[in-house]
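Annotation source Swiss-Prot lists Mn(2+) binding site at Asn131, Glu194. Taken from Swiss-Prot, the feature active site, proton acceptor covers Asp240, and the record attributes it to similarity to another entry.
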Amino acid sequence: MREIINKLNPIIIDKADKKFGVSRILKKYDGKPVYIKDVNGFEVVGNLCSRETLSKIFNVKKEDFIFFMLDAMEKEKEGKLKINNKLKEKYIVEIPENIKNWPIPIYYEKDAGAYITSGVVVVYDKDYGYNLSIHRILVKDDYLVIRMVEQRHLHFLYNKALKEKGYLDVAIVIGVHPAVLLAGSTSADITFDELKFAAALLGGEIGVFELDNGLLVPEAEFIIEGKILPEVDDEGPFVDITGTYDIVRKQPIIKIEKLYRKEKPIFHALLPGGIEHKTLMGMPQEPRILKGVRNTVPTVKNIVLTEGGCCWLHAVVQIEKRTEGDGKNAILAAFASHPSLKHVIVVDDDINIFDINDVEYAIATRVQGDKDIVIISGAKGSSLDPSSDLKNKLTAKVGVDATMSLIKGREHFERAKIPDK
């Protein structure tokens, strides 16, 4: 963790309070790495993951990161777990009640309490193997409450475990390499091993060690070992990716059995609704959308989920247009690949999809509203969109074909250039 922090040359802050103090700083410097020397006696880091910082950490160009992830996903089965139980000797073991001493922030004024937001949840199933995922986790006295989205993999494995033995063994790792964060944020088939995927992102291998409950975990600054129980408690309100409050629900309780921390650990605070949150939610979805669009429009070049769309609701798709209709086909394929998408813009390969002004230029000069806009009413949308029909999870989806008309000819849209010499 320290090596990564030093590589990013963070903004250094001397001290902050864990109640609103950490979040004020992370909000002020949103998108820029921040290192706080003292929060309740611990070091804290935040704003670690953005497109720019991840490109620096993995030494991959921003526009090529989607292909880097796609390549690692295809090599997931080749990822190796290097078991080194001596890693466990680095940790101080604490009682469950000591979690109140950890620098876990309260981020916003209406939050239900202190929340773990960067914790990667590790579980194992004998039929499906290891599963990694990121969930918001509310701290309540000496136990936790986890927001578990229905019908996602963890929810399925949790219900399976309840039927088999009445609980699900769990580990929560905090302060991990961004490869583990990306792996935990990736949506794939339930048989996809996110630990091996993290290994693939790191070049083929990742060090792990075994906890007392038998789970293999990657090295982290803080670790919580416990059980997810059938009992539930109130979870929320809490701020989600759109910067608005999510509702209160009854969610599963995690019984803390053991706490681990390094001698001088660094806590990773992830600001809800901040750029880091959006990046980790969105970037791992982009390879999946690219693959889906490629099946329909093989000449797709790149895809980005935009920050303005919370890296979840808006996509810009870049294609090399070969025939009329490619743009609309790409729109439909993108919606099918990521059902949470609300608006999709398809552009030509001369448009820089990472420059929103260039995307807007394509809309201004290549779109006729009565011909190039697709509206789909009553489609399944995202529960994170406060404007949608939240009860039925329905929304209107809009696709904009901002590609050049081949009937008019590309020369009609030629952009003027100034020679280098």
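Backbone N, Cα and C define each Cβ position, glycine as well.
Swiss-Prot feature annotations superimposed on the structure.
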residue: Asn131; record: Mn(2+) binding site; Cβ neighbours (10 Å): 22
residue: Glu194; record: Mn(2+) binding site; Cβ neighbours (10 Å): 24
residue: Asp240; record: active site, proton acceptor; Cβ neighbours (10 Å): 22
(request) May I ask for the distance between Asp240 (active site, proton acceptor) and Asn131 (Mn(2+) binding site), taken between their Cα atoms and rounded to an integer number of Å? (result) 23
